[in-house]
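What follows is a single structure, written as structure tokens, with notes after it.
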Amino acid sequence: MSFLSKLSQIRKSTTASKAQVQDPLPKKNDEEYSLLPKNYIRDEDPAVKRLKELRRQELLKNGALAKKSGVKRKRGTSSGSEKKKIERNDDDEGGLGIRFKRSIGASHAPLKPVVRKKPEPIKKMSFEELMKQAENNEKQPPKVKSSEPVTKERPHFNKPGFKSSKRPQKKASPGATLRGVSSGGNSIKSSDSPKPVKLNLPTNGFAQPNRRLKEKLESRKQKSRYQDDYDEEDNDMDDFIEDDEDEGYHSKSKHSNGPGYDRDEIWAMFNRGKKRSEYDYDELEDDDMEANEMEILEEEEMARKMARLEDKREEAWLKKHEEEKRRRKKGIR
């Protein structure tokens, strides 16, 4: 026998054994388990008979009425089923259809359902309809809004324990009332005549000097003008009149008309022999700590010169140092 034939025999033997094991259980008959005898007849109670007859009569009466109200019941059931479907849909949507809101004061009041209105669906329009609508909108004149802002009075709350702030009420002046009356009469004229358009032109964006500097320059100009006029008048009288304001005149009259001491010498004693004239300066002639282009260039040139000099000094020192090393080496050899 071949190997395949042996396998087929083994399979057949296993299926037959399984069929023998899985035998159906015998069905249980109700008659075998009944304790009463087969020929037993149960006697009915007269009260039970009466109740059965009354029940049968009621059923007959209700049957005649049921035929008439059958159509109405069908209609009612259809409407009730629709309501149930709507409620189920609302529950499925997550309760978006009906929401309950509670008022502030009524904590124990029953909840009132607030129906939320669904937005209307947007109508789909073709391209031609949209173009027509745009043309109609162009033909219609634009609505001009009033430029005067509407001022709303803010609500004022009176709190207990706080002083009531008295706000000054603006009284209409008689001039304003007259203007209002006159403007009412001339409103037609103003509407006809177009108002001139005012353009905000850009101002000159160039840099301007500081305010203090400007004032100093103007004061200098004024002083120079007065001084020039005064010098012209004095030039005619210089030949035969000695000026009292001249420095030479003051130096001559120091010892004669002065207080008996020289202030410049005293000032030099306390300032290490320096003259007082070296420190005389005008406040207006003082620098403003602002360097010009020429000053910057001069400083750069000076810095370059100093750097070159330092480089030359370093090179000379290095050369000397190397020469000294060579001499020492030669002397050792």
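Each Cβ is built from the backbone N, Cα and C atoms, and glycine gets one as well.
What Swiss-Prot lists as coiled coil is 218-242 (among others).
Same-chain neighbours of the coiled coil (292-316): none, counting only residues six or more beyond its ends whose CB sits under 8 Å from a CB of the stretch. The annotation coiled coil is assigned in Swiss-Prot to 292-316 (among others).
The compositional bias 'Polar residues' annotation in Swiss-Prot covers 1-20.
Taken from Swiss-Prot, the feature compositional bias 'Basic and acidic residues' covers 117-141 (among others).
Look at Swiss-Prot and you will find 215-228 (among others) tagged as compositional bias 'Basic and acidic residues'.
Residues annotated as compositional bias 'Acidic residues' in Swiss-Prot: 229-247.
For the compositional bias 'Basic and acidic residues' (312-325), the DSSP-based tally of helix, strand and coil residues reads 14 helix, 0 strand, 0 coil. Feature annotation from Swiss-Prot assigns compositional bias 'Basic and acidic residues' to 312-325 (among others).
Counting every protein chain shown, 7 other Cβ atoms lie within 10 Å of the Cβ of Ser2 (N-acetylserine). According to DSSP, Ser2 (N-acetylserine) sits in a coil region rather than a helix or strand. Under the heading N-acetylserine, Swiss-Prot lists Ser2.
Over all protein chains present, the Cβ of Ser126 (phosphoserine) has 8 other Cβ atoms lying within 10 Å. The annotation phosphoserine is assigned in Swiss-Prot to Ser126.
What Swiss-Prot lists as region 'Disordered' is 1-38 (among others).
Here Swiss-Prot flags 61-264 (among others) as region 'Disordered'.
Under the heading region 'Important for interaction with histones', Swiss-Prot lists 259-333.
Per Swiss-Prot, region 'Disordered' is recorded for 312-333 (among others).
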Worksheet item: For the region 'Important for interaction with histones' (259-333), DSSP counts of helix, strand and coil?
Response: 51 helix, 0 strand, 24 coil
Worksheet, complete the sentence: Rounding to whole Å, the Cα atoms of Ser126 (phosphoserine) and Ser2 (N-acetylserine) are apart by 82
Worksheet item: Quick one: mean pLDDT on the coiled coil (218-242)?
Response: 67
